[in-house]
Amino acid sequence: MNQIKTIEGHFNAADLKFAILAARFNDLIVERLISGAVDYLIRHGASEENLTIVRVPGAFEMPVVCKKLAASGNYDGIVALGAVIRGGTPHFDFVANEATKGLAHVSLESGVPVGFGLLTTDNIEQAIERAGTKAGNKGVEAAAALLETVRVLKLL
Ligand code: INI
């Protein structure tokens, strides 16, 4: 095993530029995700002037704005934060699927990593649990995964 070359990202956000793309829909939840992501990045060495928060109406609008952010060349990575909560109609599935597919597509096509912090839950309780209460904070997880991915990409 000692002979195997291993490449892995470290968790130092110093001198990296991040966009935090956040949906206004379900903003009670999404604000907690933003706080978690910002807190994580700052505690890992990012500076406030290298963080930009960009707000969009809902999860459905995230991919097109993410595409422009990626194409700008201004960011090492983008954290996408939102909350899609199931209602009584198929609307949830369309919004959640399109946002998820769109964000993955932008990341692959642009080569700019996107941290996926879009909650998709059956009810508001599950969303609250994942926004800084008993099931952690998905904004923190997305920022951590993004930071590691940015760093590993820079080593390849
Ligand atoms: N947008 C969300 O971010 N979360 C939701 O739960 C949601 N629901 O359930 O409707 C939602 N809808 C709005 C959508 O993202 C668009 O903003 C809207 O359809 C206008 O294009």
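Placed from the backbone N, Cα and C atoms, the Cβ positions cover glycine too.
Quick caveat, the model's predicted, so the values are computed rather than measured.
Database features (TrEMBL):
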- His91: active site, proton donor (ACT_SITE)
- Phe25, Ala59, Phe60, Glu61, Ala83, Val84, Ile85, Phe116: 5-amino-6-(D-ribitylamino)uracil binding site (BINDING)
- Gly88, Thr89, Arg130: (2S)-2-hydroxy-3-oxobutyl phosphate binding site (BINDING)
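Every protein chain shown contributes to the tally, and the Cβ of His91 (active site, proton donor) ends up with 12 other Cβ atoms within 10 Å. With a cut-off of 6 Å between Cβ and the nearest atom of ligand 1, the binding-site residues Ile85, Gly88, Arg130 reduce to Ile85. When other Cβ atoms within 10 Å of the Cβ of Glu61 (5-amino-6-(D-ribitylamino)uracil binding site) are tallied across all protein chains shown, the result is 18. Here Phe25 (5-amino-6-(D-ribitylamino)uracil binding site) comes close to Pro57, Gly58, Ala59, Gly82, Ala83, Val84: these same-chain residues lie at least six apart in sequence, with C-beta atoms under 8 angstroms from its C-beta. The distance from the Cα of His91 (active site, proton donor) to the Cα of Ile85 (5-amino-6-(D-ribitylamino)uracil binding site) comes to 10 Å. Around the Cβ of Gly88 ((2S)-2-hydroxy-3-oxobutyl phosphate binding site), the number of neighbouring Cβ atoms within 10 Å comes to 6. Using Cα positions, the member of the binding-site residues Phe60, Glu61, Ile85 nearest to Arg130 ((2S)-2-hydroxy-3-oxobutyl phosphate binding site) is identified as Ile85. Listed in sequence order, the same-chain residues six or more apart from Thr89 ((2S)-2-hydroxy-3-oxobutyl phosphate binding site) with CB atoms under 8 A from its CB number zero; the list is none. Among the binding-site residues Phe60, Glu61, Phe116, the residue whose Cα lies closest in space to that of Gly88 ((2S)-2-hydroxy-3-oxobutyl phosphate binding site) is Phe60. Of the listed binding-site residues, namely Ala59, Ala83, Val84, Ile85, the sparsest Cβ surroundings within 10 Å are found at Ile85.
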